[in-house]
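Q: Below is a structure I'd like to ask you about.
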Amino acid sequence: MENLKRRHITPDVHQQPSPPVYEQYNPATLIDHNYGDEKNKFAKPLPPQQRVVYSSNKYIAFCQKYHRALIPAGLTLLAFWTRFRQIGLSNIVVWDEAHFGKFGSHYLKNEFYFDVHPPLGKMLVGLSGWLSGYNGSFAFESGHKYPEDVNYTGMRIFNAFWGALLVPLAYLTARQFKMSQRASILAATMVLLDTAYLCISRFILLDSMLMFFTCLSLYCMTVFNNCKNEPFSENWWLWLGMTGFSLGCVLSVKWVGLFVIALVGLNTIEDLWEMLGDVQMPKKTYAAHWLARAVCLICIPTLVYLFSFAMHFLVLYRSGPGDAQMSSLFQARLAGNSFERNPLDLAYGSKLTIKNYGYGGGLLHSHVQTFPEGSKQQQVTCYHYKDDNNHWIIRPPRVIGNPQDYEPENGNVRFVKDGDVIRLIHPPTGRNLHSHPIAAPITSGQWEVSAYGNETVGDIQDNWKVEIVDDLVYKDKERVRSLTTRFRLRHTQLNCLLSANNVVLPQWGFKQIEVTCDKRNRENDPHTWWNVEEHYNDNLPPAPKNAYKSKFLHDFWHLNVAMWTSNNALIPDPDKEDILSSTPSEWPLASVGLRMCGWGDDIIKYYLLGNPAVWWPAFASLLVFLASAGFYLARMQRKIHDLSNAQWDHFLYVGKTLFLGWFLHYIPFCIMGRVTYLHHYFPALYFSILMVPFLLEHWTAKMSNRTQWIVFGIAYVSVIAVFIYFAPVAYGMSGPISNYKGRRWLKSWNLVDK
Amino acid sequence: MRQRRFAWSRSPSRSNRLDPLYLDDKIWKAEQQQKRRLSTNIKSFIKSEPAIVLYLTLWSFYIRLWKIWQPGSVVFDEVHFGGFASKYINTGFFMDVHPPLAKMLIALVAKLAGFDGAFDFKEIGLDYEDANVPYVAIRTFCAVLGALTIPMAYLTMKKTGHSTMSGLLVALMICYENGLITNNRLILLDPILLFFTSATTLTWVNFCDKDKNYKPFNLQWYFWLAMTGLNMGLTASCKWVGLFTIATIGLPTIKRLWDIWGNTDISKLKFMHHFFARSLCLIVLPIAVYMAMFVIHFHSLPNTGEGDSFMSPEFQQSLAGSNSHMSDTPLDIAYGSRVWVRHEGTRGGYLHSHPHEYLTGSGQQQITLYPHKDDNNWWIIEKPRNARRRRPDGPGGIEYVRDGDRIRLVHALSSKRLRSHDEQPPLANDEYHKEVSAHNDEDSRNDRESDWIVDIVAHNENDVDSKYRLRAIHSRFRLRHSTQRCALFSHEKKLPEDWGFGQQEVTCMQNSKLPKTIWYIEANQHSRLGKDVEMVNYNHPNFLAKFLELNKIMWDVNKGLTASHPYDSRPQAWPFLQRGISFWGKDGRHIYLLGNPAVFWSSTFAVVGYILVAFLTVLMEKRGIFDLYNESAARFFITGWCAHYFPFYLMSRQLFLHHYMPALYYAVLLFGSMFDLITIWLTSRKKMMLVIMASYCVIYAYRNFIPITYGEPWSQISCENAKWTRTWDFDCVQ
């Protein structure tokens, strides 16, 4: 509690009227006047108040006066220059431009596609294409040359713009962490001159946007933290809201955004916890703090995320390559799709295709080939593509009850109702959907499903009972409707459920999906749910307009599940060498680079590689922070106080935030099973970069001004010099790669072939 | 007692010399006094601490040992652990995922009871009595160890400052825990593991008691510290679950050291003493104990056995009578050598071919990996016809095979050449896998598809030559295909039993990582090499190498136990006792591992209660209200529960209810602690009433499940009635 109060007070000390004092801010001057401990040798008295004295030279005076705007503006200009320089040099599709450029084209053509990432980043890519006058006609095939009419330079500049903004953000964030100007500019320089950041920003990729929003979130959070002593003020609300908005944007670009959300979340929880200890705070105020954070940090990001998907569905109204990933009902909505003409209610004699509702489910399928083992009857599988062999006709069941029950009623049709027993005939072969107590070919614990007999030959094992799960649009469960009704098919004899669990059949089954009759009776498993996709019946009218309206939230959820599932399916073969992918352990020390395009002599080559003078100190700074924190803690436990309370609080706050930021953006990749690439480390790197000037300043605070300048000078010079040496890897290397072999500092860099 | 009576009987004779009457009176008085003292002594003993411990021990022996001979056949995992006992007696090496101590103890008892190792415990339900297996003795041993946890639980409670009443309640709850009873009565590792776990807990609380007042380093202090370390080592030597016990002790140790460091009255030197004493006793000692168990293990199993195939060839070489025992082989390999090529990345064995064809792809002769010695493993190294000739560089005009050479491998028995071509292999279905077969139809002059390039990727550091030319065992190499840009590869996928004989698939893989493409030559013959050539064999591994290898394999096999079992369960089901395990069933009698619901549910309730109280305490402390509840013993118990429970969530291997038993032990201890907390305001009389009522509930629940605990007969109706929740699936069929 004492600490908390002091932290509230500390900013007051520095709210001096004169800006220059603010500029001289460094950790050593973070003195706590409440703390009158004699032992504190390092606490210096506050420098006497200074009057602002501007230089007599009017230009210098101007700079002194407006340095707050001038420095970020200068950094931004530098960033633009480094990012935009020679941006169109390579006129071929580089690296993942093949994906993201293509997705951008889909937005311009309004065709529905499927991808593992949320839509915001790709919509921005689409926007960049629209702004630069691209019509979406180019296929973005990897390594292909851009045609004349594609203004790829414009698209790249749009992307590089986001990447350039990292530089002023790094400066401003460092300032919010109360670093001196010298240190803050070092932070910005390291971001500016990191070859990896430079390289990844210059192409049509999502990373620059992801980085921008991640860094923006951190910046907003730090500004908000500095508003703590004036809660519920305009500024306070503004930055809290901005934090939430920016979090929503990161999440809508890539799910990696969850990590920065975790960082902000932990910061918020700590904040609220500290406030709980303030016994003087009225309970109402405390509740208001909770509420404000819930609204700004949970509701706003959720809304932004939902909004990005709403836009996504709105823009992509045409049928496209991603249809099959979505529910049948969603597909009915897309222009250029025939489902809209489907008659609504199913009747006996209807011809239909039946889709498995489980994620990645295919259409129930049969073909003349037979099972090589088991019953050796005709195969029944699930198949993902349109084919006449997917068709089935509903027929009355075999020898059950009164045949008249299946005569057409009121006119010429009889509708299928919940609980009806039916038989399904496969029109191309005339066989019936059949199951029997013979083990399925792969999942041997379940019964095999085959196609057997014909219209006259057959037995009661051809009978299936329709059990309606629910209807997505209509409330009642009476009739089975195409697209909207989800139902199970239960085998009447064996009491098992028709299901497809995404098990792939071997070559004899053409690698289609195995269909089994599941005796485990898992009624809640979507893999046992089916819905009708196409429906033909000449006796029935087509469905009325808007009969197949899917709900946004439902589609949203379905798409997110599909993204999650296919993201997790990106598992590499452990025995296969993939020179593009890398493991997280290789990242922090920049011991791996990434060839972003072909490596021939006539191609402009880009090598995604970190600037060693940035990456190595950045990683070292994390270890130094841990060591220093451990050192201080152990000494404090022993009642030796090297820092005043306020200094320690500040040190811990900045170090903890940056370390956690790095940790949360790095460790999850070690656990993930999916394939990982070098650029996954970039958000984590940003946090560790900010740690470098912070620790440099912290440990040089007690040294003379001259020594400080020498230390920082070395840092500046090494970053700049190494950048100049390595700049070609990011700006494009022309000619034979052997010209650059001297830059292969580590053996593990595959810059040149061994 | 006896001592006193002796003194009393002697005393009259000494005083007889004085006045008889007076003496008589005095004697009488003394007699009375002595009698009274005796009776009070007995009375006080009856109520004393040791007596309570004695009663508890005897009573738990009764509960655990009741009808211990029943059932007289193999139950559940007795299949494994009984089986291991017979393997120890037969001294053949075997592989198991558990460390050896508990199994060795079982084997020792079996041996002492006269078991000859002839019975193999092959499946559940095999009869013991016919086979003359001393199973009662082994089960008694397990049950006694299991029963001893009960007095230890009581002593732990007392030592941590709890009331006798809560100590008794805890002891009774553990005594009447059906799951523990079932598990302790059988030939399993759990009773032994639990014994050492609770012994560790007891010795640790004794140590904490000595350490409490900062009066360290005396004999008692060291004794309890060392005993804790010893017990930790023994626990971990039974099952790796013991590592959780080590964590349970480790966390409070770190906390305590941190506090000592913060106590400025204690000099840094003294802190270092604290630190090193603990490191020695709690780290070094357990590791030494654990390793010692493996010394005994290796010593007990000197012979080859069914576990050989899990181990590296070097390890197998150290086993006596090994089938795969290698005799020395010539070191140098030249063109014309007959060789056995062994795969390093897997334990699949030798490159093998036999006169059977693939049913898929090219339909040519199969290439597989075969783990045993066989004449079909022989390959002859030949030079492709069109390859450049070099001058013979070896003795007798032979030409060595050098790094980067292009060679052909000819199967000795069928004279077919190893080759690869653009066909899909039978199992691996990615396009970067190519089929490998044996064939010799083509004109061999132009058959580039059977040319392989030797790339030596690793070599023996002491043999520089093996880097530049192929040498047996010392050179590890890849076989790169000359046209397909792929390397000879094998993985743990078995060809179908019916045409591939369940042997391991061999393919040629493009862009493969190193490990599974590495091969070496194990045996080697060349007609032109004389008798006096340099010979080579596997190095004999030392103990440390064997120890590390075995532990790594135990870890891998353990991780691979992911197959599902009809009675496996996930950790979230355990605290609520959602489901048990069917252990045994015969003639309408069943044994089903099901805990005592009263104990399970109340202990889980205690855990939840503790967490709530602790959370409230932290919350209140933040609000400036201190010392609401701070019970170090309860904190220790919850640490134990967490450490023995949550790690299971991270495991993807198959898990069973009995994995919860150590956590349950701590949960019950925590229940005792919480019981004391709630009843702090009650008089001891009321408290006793409460204990009696609670015990009644526990015993009532226990009696309900006696039939499935001990394998007693049961009527179908009472069996159905005993299914208190729908998820308990014991079999009621008579």
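Cβ coordinates come from backbone N, Cα and C, glycine included.
Okay, these came from TrEMBL:
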DOMAIN    A:343-397  domain 'MIR'
DOMAIN    A:413-469  domain 'MIR'
DOMAIN    A:477-535  domain 'MIR'
REGION    A:1-20  region 'Disordered'
TRANSMEM  A:195-224  transmembrane segment
TRANSMEM  A:236-269  transmembrane segment
TRANSMEM  A:290-317  transmembrane segment
TRANSMEM  A:614-633  transmembrane segment
TRANSMEM  A:653-675  transmembrane segment
TRANSMEM  A:681-697  transmembrane segment
TRANSMEM  A:709-731  transmembrane segment
Q: When only pairs 6 or more apart in sequence are counted, do the transmembrane segment (A:709-731) and the transmembrane segment (A:195-224) reach 3 or more Cβ pairs under 8 Å?
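A: They do touch: at least three Cβ pairs between the two stretches lie under 8 Å.
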Q: Quick one: mean pLDDT on the domain 'MIR' (A:413-469)?
A: 88
Q: Mind checking which residues reach the transmembrane segment (A:614-633)? Cβ under 8 Å, same chain, six or more beyond either end.
A: 190, 193-194, 196, 588-590, 642-643, 648, 651-652, 655, 658-659, 662, 685, 688-689, 691-692, 694-695, 698-699, 715, 719, 722
Q: Sequence-remote contacts (6 or more beyond its ends) of the transmembrane segment (A:236-269), Cβ cut-off under 8 Å?
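A: Same-chain contacts beyond the ends: 117-121, 206, 209-210, 213-214, 216-218, 220-221, 223-225, 227, 230, 292-293, 295-305, 308, 567, 657, 660-661, 664-665, 668, 680, 683.
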Q: Taking residues 6+ outside the transmembrane segment (A:195-224), which of them lie with a CB under 8 Å of any CB in it?
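A: Here the qualifying positions are 82-83, 87, 94-97, 100-101, 104, 117, 120-122, 124-125, 128, 152, 155-156, 159-160, 162-166, 169-170, 172-173, 176-177, 236, 239-240, 242-243, 246-247, 249-250, 253-254, 256-257, 260, 263-264, 267, 590, 596, 606-611, 615, 657, 661, 678-679, 682-683, 685-687, 723, 726-727, 729-730.
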Q: What is the number of residues in the domain 'MIR' (A:477-535) that are helix, strand and coil, as DSSP sees it?
A: 6 helix, 29 strand, 24 coil
Q: Summarise the domain 'MIR' (A:413-469) as counts of helix, strand and coil residues per DSSP.
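A: Helix/strand/coil tally for the domain 'MIR' (A:413-469): 3 helix, 30 strand, 24 coil.
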